[in-house]
Amino acid sequence: MKHIIRVLPAGADIVVDEWLLLHDSETALSRLAEHAMQRVILPLPLWRTLRDGTESFDPSSTGVWIASDDEYEDVACELLDLPLIAVDFPSFRDGRGYSVAYLLRTRYGFRGELRAIGDVLRDQLFYMRRCGFDSFEVRADKDIRDALKGLAAYTIRYQGSVDDPVPLFRKRAEAAPSLPDEHWEP
Amino acid sequence: MYRYDQYDLELLEQRTAQFRDQVARRLSGALSEEEFLPLRLQNGLYLQRHAYMLRVAIPYGTLSANQLRVLAEIAERWDRGYGHFTTRQNVQFNWIHLEDAPDIMDRLAEAEMHAIQTSGNVVRNITTEQFAGVAADEVMDPRPLAEILRQWSTMNPEFAFLPRKFKIAISSSATDRAAVKAHDVGLYLYRGEQGEALLKVLVGGGLGRTPMLGTVIREALPWRHLTTYVEAVLRVYNRHGRRDNKYKARIKILVQALGADAFSTEVEREWEQIKDSPATITKAEYLRVAAHFAQPPYADAEGDAAIVAAQRQASPAFARWCRRNVHAHQVAGYACVTLSTKPGMAAPPGDVTSAQMRAVADWAEQYGFGEIRVSHEQNLILPDVRQRDLYALWQEAEAAGLATANIGLLTDVIACPGGDYCSLANARSIPVAQAIQARFQNLDFLHDLGELSLNISGCVNACGHHHLGNIGVLGVDKNGEEWYQVTLGGNQGLEAAIGKVIGRAFRAEEMPDVIDKIVATFCTHRAGDESFSETYTRIGLAPFKERVYAQEGV
């Protein structure tokens, strides 16, 4: 049984993965039929095809995964209703997924599960979490219990992001009296 | 200078703990070298020809005396007794063992220093000019905004894996001493008509394989929007910058591909969405940070000028040093002093021994307010010296080998470590620099030549900024042999220009003669007191080329 890391209000934990990730658009259709009863994560191009086609599929048990060079913004508003969006990291050094996550959460207001898939490793989890991911499919050859430690690395952050949009300096200022700001120049 | 509070310290402690764990996992094999590589790079650790190199961050080139002593200690305990100051105002240690790196990080952290983001595909050390806060021609002190930007960019989660490295510089003087136009993002801070603090934003400058100067994409940006605007630039770059080819991954290639106008439109569109977000800088934060850069308690030193004038009269050597190495200060009776790290054969450009570092730290306390700066020309600066102390300082610096009177002159060579250390280099930089320095030892002649910059890089990555040198030298590999390509006409500052290649490359042993011929051509054509770059602008490349290649085929 496959496991993922899931961040819930109670904290981050290792849980059973209830989704089936269909990597390949070519074979996904036939596999979709095989797994008719299961929750599946479709490649974005296949999701587009199904959406435009006649075959019905259940949006409540369908997720979509976005490749790092997929154009998704034209359909972003439709993706908001999905229970899950996954963002692929073809290599952990490819940082596009961080901006995709940031935009899905802040610009489009996606509230469902946002999952990092692909080359997902312990030492990047903290940054991914900050950008709005709340579930992580850690690379299969890695120890997922070890990876969980990656979320606990820091309690201080200078800048705001999805997890906490208020930068440290505004918290520092809470202790100090606030100053009228509007037209002040250094 | 900026001092850490409990938050800064805690963050740094968590970072060093994380790094110690990452090194342990690498040593145990839990992390592969491929996985460890970007992690160690983001902590300043490169694997070089002989050992690991550690690049320690010196934010906008400012150090305290205590910090410089800690660097001296690190050089002695874990390296070979010296450090190399770089064109990004940082310092590098060349002989580091991976096993020692966590202890070094802890020692740095105790002195409020680190090596975070001195390497890797991230926002690098924010640089500014070496005389920030004291330069006589300064418009505004750029350091508060530099520090605010440093904090914003430090471990920014969205931009930790950019397509390529990302360099930002900010300057606010009549002269640009920070090479702003050669940066991924360059910022000029200035006053608007109503006295408001504004920024001119340039994007897409950079040297390396495809040298380009930055293009202005935004005028009159109010200071409080600095971080959100940079965020917009980075988001556009992170999403659309090329990742298929390392050599086309810098933001300049994206700006070129889209065109500066289209790129600017894209940035503005993104910025509209975030411009008044909580990242917008507040007055309270500006004042909190600026308080760290408040003027030190200067004495009434107006009488000092007369003392130093008499001393200059009495000693021509001191007068010569004053002319090149002493710079105007905002406060009457004070001066900024550049300690030259370019003595010639005695040491490679930018190299400073532990003993020298300790001496400089002592002078900073004795003759100043305990602060030292690093220039992007790789020299050390004492920013607040009373003029009556200049003579004593000069004598001590002379004894320590740090008083070569050559700032801005031909032998003030900017050079990367080159093939002696760096595994990227195609050729060595240091022997060529030293051979040229040895050829031009006559100080009177050098002073007569006037301002003339010579920059040497051991490969196209251009750490020696060779494109910006009046004379640029680039090490190239030809069938496994070291050759050197010469460019002329480069310039830094407001009149920044990229040098042009003069012709076929040369062997190392030819280089002093080549420079000799270039200098001779300048002397022949020079009108009055023209600088090299003025003469070059007037007569162009051809006369130099003719002279340099004259004897070929004879």
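Cβ atoms here come from the backbone N, Cα and C positions, even for glycine.
Residues or ranges marked as domain 'Nitrite/Sulfite reductase ferredoxin-like' by TrEMBL: B:48-111 (among others).
What TrEMBL records for B:119-273 (among others) is domain 'Nitrite/sulphite reductase 4Fe-4S'.
The annotation domain 'Nitrite/Sulfite reductase ferredoxin-like' is assigned in TrEMBL to B:346-399 (among others). Per-residue pLDDT, averaged across the domain 'Nitrite/Sulfite reductase ferredoxin-like' (B:346-399), gives 97.
TrEMBL lists B:412-548 (among others) with the feature domain 'Nitrite/sulphite reductase 4Fe-4S'.
Of the recorded ranges B:48-111, B:346-399, B:412-548, the domain 'Nitrite/sulphite reductase 4Fe-4S' (B:119-273) has the largest number of C-beta contacts under 8 angstroms with B:412-548. Mapped onto DSSP classes, the domain 'Nitrite/Sulfite reductase ferredoxin-like' (B:346-399) shows 27 helix, 15 strand, 12 coil. DSSP assignment over the domain 'Nitrite/Sulfite reductase ferredoxin-like' (B:48-111) gives 30 helix, 18 strand, 16 coil. Helix first, then strand, then coil: DSSP counts for the domain 'Nitrite/sulphite reductase 4Fe-4S' (B:412-548) stand at 56 helix, 28 strand, 53 coil.
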